[in-house]
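Summarising the annotation, TrEMBL assigns transmembrane segment to B:12-39, B:51-71, B:83-101, B:113-131, B:163-181, B:187-205, B:212-234, B:240-257, B:269-286.
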């Protein structure tokens with residue numbers, strides 16, 4: 001199927017160097033047994049004329065989850081106790097962000113292009129200016145989220161064949177937030193972006209997860225009452241059951 | 001078996017949750033406490049966001065206390081009138097507690113506030129229980145309940161009311177204040193507050209021991225039900241899937257705990273419980289004092305959190 005798409009794309013008229021790509025899935029449903037999923041991103045660089053010999057073609061793939069505002073706090077010791085003192089507001093940071101490349105990100109993407117396209121992990125984090133050691137806070141956010149697998153930089157994880165065909169696997173973790181996940185593919189030469197393409201993966205809760213979540217958000221009172229009834233029935237029912245069996 | 005929790009938005013092992021519920025249920029059956037003071041910190045430990053842990057902990061306490069209060073009703077060991085007065089105080093206390101909790105969140109001091117409350121109250125109650133039970137173990141014969149001098153002051157206050165089941169004729173103010181205080185703690189610590197309520201009833205209100213457990217369970221059921229509703233409506237942080245697994249594990253654990261508890265002496269149980277309470281207080285106390293491995297923390301300001 002995907003090769004068919006590629007062939008179709010081959011037949012179309014193209015620009016100097018253009019991406020033709022596909023994502024193995026366009027929908028991810030989070031059901032009760034959801035434990036993360038791997039997505040395959042593949043494609044090819046299409047060209048009319050033979051490619052230049054140098055600089056070599058490089059590929060960068062990013063997957064980005066819904067962004068939220070957040071606060072980063074720093075603990076300091078006050079009278080022997082560690083408590084939050086400093087704080088930096090972040091206007092927007094992705095809840096999930098994975099970058100896969102064919103080489104060292106710093107070598108294949110110039111700082112100017114990074115600032116323009118927000119590709120590297122720090123460039124996706126948008127701080128509200130003001131704090132003095134803001135950079136340390138942003139680094140801490142990156143460190144913490146790399147630790148939990150929410151942020152990932154996988155250099156050399158994109159396989160590039162004959163300077164044209166490419167593919168990479170990106171694993172979405174189990175603790176996924178629902179929303180639109182943006183997939184971007186960049187072709188670069190000598191640090192400059194040659195072409196860029198965007199796809200969207202729709203991550204949604206499904207089944208009972210969907211139902212409970214919607215109820216909790218849209219009918220919170222009914223949801224709260226249902227939780228109480230569930231607790232009462234389970235608590236009373238179980239003790240009654242045990243009593244009957246004279247355990 | 002991994003399970004994705006719809007509200008907490010994390011994937012956890014279902015057997016870990018059942019085991020956690022079972023362990024806490026076992027301890028609560030053994031000692032006759034709700035176990036909220038254990039479940040909330042343990043949930044945070046396995047990666048459940050603190051807001052969800054507090055709210056779902058309250059929901060779990062509803063389940064464990066409802067079966068207890070029904071059993072106490074059958075034994076006529078519930079002072080309904082006293083329970084109602086304590087509940088009214090508790091509902092106000094829980095509302096104020098929730099407000100203070102939000103305020104602390106805005107200042108970024110939620111964790112500190114919760115941790116300090118745990119260290120202070122668990123340390124205080126654990127220490128008092130330990131010294132009390134060691135003293136009563138040394139004493140020959142049945143331990144007598146001491147009624148403090150505070151009890152005398154309780155008799156001086158106005159608005160006296162008769163509490164027939166407790167055999168008391170006291171002012172309505174001390175039970176209201178006691179209920180308020182416990183409701184307040186329930187909202188900020190995600191606990192039922194039985195460990196504070198029981199000593200208050202015995203030593204301050206001077207209630208007879210036979211109605212203390214039933215009446216405190218009565219109050220806890222209503223206050224934690226209210227706390228659950230408040231969290232569900234204002235913060236959307238009650239995770240029903242999580243609560244269901246904790247409750248299932250909990251009821252089974254509680255039955256086993258009760259059986260084991262019958263075989264142990266009351267004094268031994270109280271020493272064990274006080275050691276457990278002190279252990280939790282010391283652990284949280286150490287966390288406050290020891291240099292943390294990560295100085296920074298992230299709070300998402302997204303929807304529903």
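Here the Cβ of each residue, glycine as well, is placed from N, Cα and C on the backbone.
Of the two recorded stretches, the transmembrane segment (B:187-205) does not lie close to the transmembrane segment (B:240-257), with fewer than three CB pairs under 8 Å once pairs fewer than 6 apart in sequence are set aside. Contact between the transmembrane segment (B:163-181) and the transmembrane segment (B:83-101) is supported: at least 3 Cβ pairs lie under 8 Å, counting only residues 6 or more apart in sequence.
Here the listed stretches are B:51-71, B:113-131, B:212-234, B:240-257, B:269-286, and the one with the most C-beta pairs under 8 angstroms to the transmembrane segment (B:83-101) is B:212-234.
Between the transmembrane segment (B:212-234) and the transmembrane segment (B:51-71), the number of CB pairs under 8 angstroms, six or more residues apart, is three or more, so the stretches are in contact. Listed stretches B:12-39, B:51-71, B:113-131, B:240-257 were compared with the transmembrane segment (B:269-286); the greatest number of C-beta pairs under 8 angstroms is found for B:113-131. Sequence-remote contacts of a segment are chain residues at least 6 beyond its ends whose Cβ falls under 8 Å from one of its Cβ atoms, and for the transmembrane segment (B:51-71) they are 5, 7-8, 21, 25, 28, 32, 34-36, 39-41, 43-44, 78, 186, 189-192, 194, 213-214, 217-218, 220-221, 224-225, 227-228, 231-232, 235, 237-240, 242-243, 246-247, 250-251, 254, 305.
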